[in-house]
């Protein structure tokens, strides 16, 4: 296409370009994809790299799911004095703690163990504050609650560590996304992975609860950066329909990680032992620095053509493809001489991106409430064995991930996400209805399985949809900023079951309503499949110095 064919309103006079506002990244179109043209949309190289990148989801998921067991609330009681230690526990509790384990009856000096056992002990009506507690360890061992006595007036602190962890996720999504778009996917991925491993080990050495809270805060900051840097890098290494497949497969480790945590918790019931066992895999991933590449598409969008060329040459050799002799000229076409603007949050709040950002903000908040409301509150359902219930609800997510791939390829994005979120909402309503009518725990588990299956599919599809709605220049930032709303939703999760003070069924009804509302909001977004290229596949964009380049935001 010659410059004469460019509309006059698109031409900038070089002397005036410094007065122009920073350019909003163009909405990307289907067009020539130089990366896929050179190394193929998917091959052995992409298979290996996307598999290795999916491994980063394991340690992140471990740290998110750990509190299900390490902060599990169990029955507690005020410990008897040494001279009454032979009294059976049930008899001791009935005699000394008629209200709760926070206060204990004042024991007269002449009361003996035998008198309590024989129901002949004097029972005074005066009580005192308990100072030493015992905990039920039949289901889980030592937890952060039992180690730091987070009961009674300190019970509200139980959720503090998770609230700050989830705040860290919200902030880290934006900060990590900006750094990744500014300095590269690989750098942020590996740097945050190292930090994550160091923090996991550091959490074993803390001696106070407040130290543990600080470590969890920073852990949240780095964990979300690892997850989404790995995800974005995965989808940028492939092309065509494989973007969808690679994106979904990047989340296959999630349910496997839930199962691993549940099984290891059976073997290692004490929280420090479990934390240590689940920290080791993250340390091993650091060695992937020497294997993983930077995103060639990101390098091209940054104008770093030679670095992209070196990666593409290795990938083509691994995929057994021959590169054209004029590869330098081919890549030069896609080189931007001068970047018009560094990635910034302001880009997401202007033009066509504003509507997408707002709608995704609402949808991510609703999806987070539904997904993590079911996942992290398994213990609140009182459905019998915690480990068995956790494994059942984790395993059901595996077919949900596989089911997402053909659905995304055939039915687009909006309708499947809308349908899955509505189905989740209906399943939650059915679960509560059965609880009222029959009080059958297996019927409730069946409904929860349907809801978990549906929202699990949403959790796979929504990140892909989000990544496709943003141009490469701000893609990781766009995916990251969605974590602000996700973080807000996560902050609400620890307090969701506090709504039972108003009504026993209010938490599940809230999850149902949020899921339906989020699914409805998705319908306001454009679908990202089957988009046809406009006339003139090349998108001639004026740069800040008045020159022109035929590149779109994916380096095409």
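Heads up, the Cβ atoms here are built off N, Cα and C, so glycines get one too.
Among the features that TrEMBL reports, compositional bias 'Polar residues' is placed at 1-16.
What TrEMBL records for 539-550 is compositional bias 'Low complexity'.
Residues annotated as domain 'Major facilitator superfamily (MFS) profile' in TrEMBL: 111-530. For the domain 'Major facilitator superfamily (MFS) profile' (111-530), the model's average pLDDT works out to 81.
The region 'Disordered' feature in TrEMBL is assigned to 1-31 (among others).
Feature annotation from TrEMBL assigns region 'Disordered' to 534-556 (among others).
According to TrEMBL, the transmembrane segment annotation covers 47-66 (among others).
Under the heading transmembrane segment, TrEMBL lists 163-181 (among others).
Away from its own ends, the transmembrane segment (188-207) comes close to residues 56, 59-60, 63, 176, 179-180, 215-216, 218-219, 222-223, 225-226, 229-230, 233, 272, 275-276, 278-279, 282-283, 285-286, 288-289, 292 of its chain (Cβ-Cβ under 8 Å, at least six residues beyond either end). The transmembrane segment annotation in TrEMBL covers 188-207 (among others).
Here TrEMBL flags 213-235 (among others) as transmembrane segment. Sequence-distant contacts of the transmembrane segment (213-235) (same chain, at least 6 residues past either end, Cβ-Cβ under 8 Å): 49-50, 53-54, 56-57, 59-60, 63-64, 160-162, 164-169, 171-173, 175-177, 179-180, 185-186, 188-189, 192-193, 195-196, 199-200, 202-203, 206, 243, 246-247, 250-251, 292, 295, 463-464, 467, 475-476, 479-480, 483.
Note on the transmembrane segment (242-268): residues 41-42, 46, 50, 53-55, 57-58, 61-62, 65-66, 68-69, 140-141, 230-231, 234-235, 274, 277-278, 375, 387, 390-391, 393-398, 401, 404-405, 408-409, 456, 459-461, 463-464, 467-468 of its chain, located 6 or more positions outside it, place their CB under 8 angstroms from a CB of the stretch. The feature transmembrane segment is assigned by TrEMBL to 242-268 (among others).
Taken from TrEMBL, the feature transmembrane segment applies to 274-292 (among others).
Long-range contacts of the transmembrane segment (357-374) within its own chain (CB-CB distance under 8 A, at least 6 residues past either end) are made by residues 348-349, 393, 417, 421, 424-425, 428, 448, 451-452, 455-456, 458-459, 462, 466, 469, 478, 481-486, 488-490, 492-493, 496, 507, 510-511, 514-515, 517-519, 521-522, 524-525. Feature annotation from TrEMBL assigns transmembrane segment to 357-374 (among others).
Sequence annotations record features per position, and here TrEMBL assigns transmembrane segment to 386-408 (among others). Sequence-distant contacts of the transmembrane segment (386-408), counting only residues of its own chain at least 6 positions beyond either end whose CB sits under 8 Å from a CB of the stretch, comprise 68-69, 72, 139-140, 244-245, 248-249, 251-252, 254-256, 258-259, 261-263, 265-266, 374-375, 378-379, 416, 445, 448-449, 452-454, 456-457, 460-461, 464, 529.
Sequence-distant neighbours of the transmembrane segment (415-436) (same chain, 6+ residues past either end, Cβ-Cβ under 8 Å): 363, 366-367, 370, 374, 404, 407-408, 443-444, 447-448, 450-451, 454-455, 457-458, 461-462, 465, 505, 508-509, 511-516, 518-520, 522-523. The transmembrane segment annotation in TrEMBL covers 415-436 (among others).
Here the transmembrane segment (442-465) has Cβ contacts under 8 Å with residues 228, 231, 235, 243-244, 247-248, 251, 254-255, 363-364, 367, 370-371, 374-375, 381, 383, 389, 392-393, 396-397, 399-401, 403-404, 407-408, 413-414, 416-417, 420-421, 423-424, 427-428, 430-431, 434-435, 479, 515, 519, 522, 525, 528 of the same chain, all six or more residues outside its ends. Positions annotated as transmembrane segment by TrEMBL: 442-465 (among others).
The transmembrane segment feature in TrEMBL is assigned to 477-497 (among others). When Cβ-Cβ distances below 8 Å are used as the criterion, the transmembrane segment (477-497) is approached by residues 158-159, 162-163, 166-178, 180-181, 224-225, 228, 231-232, 343-345, 347-348, 353, 357, 360-362, 364-369, 372-373, 376-377, 380, 463, 466-467, 469-470, 507, 510-511 of the same chain, each at least six residues removed from its ends.
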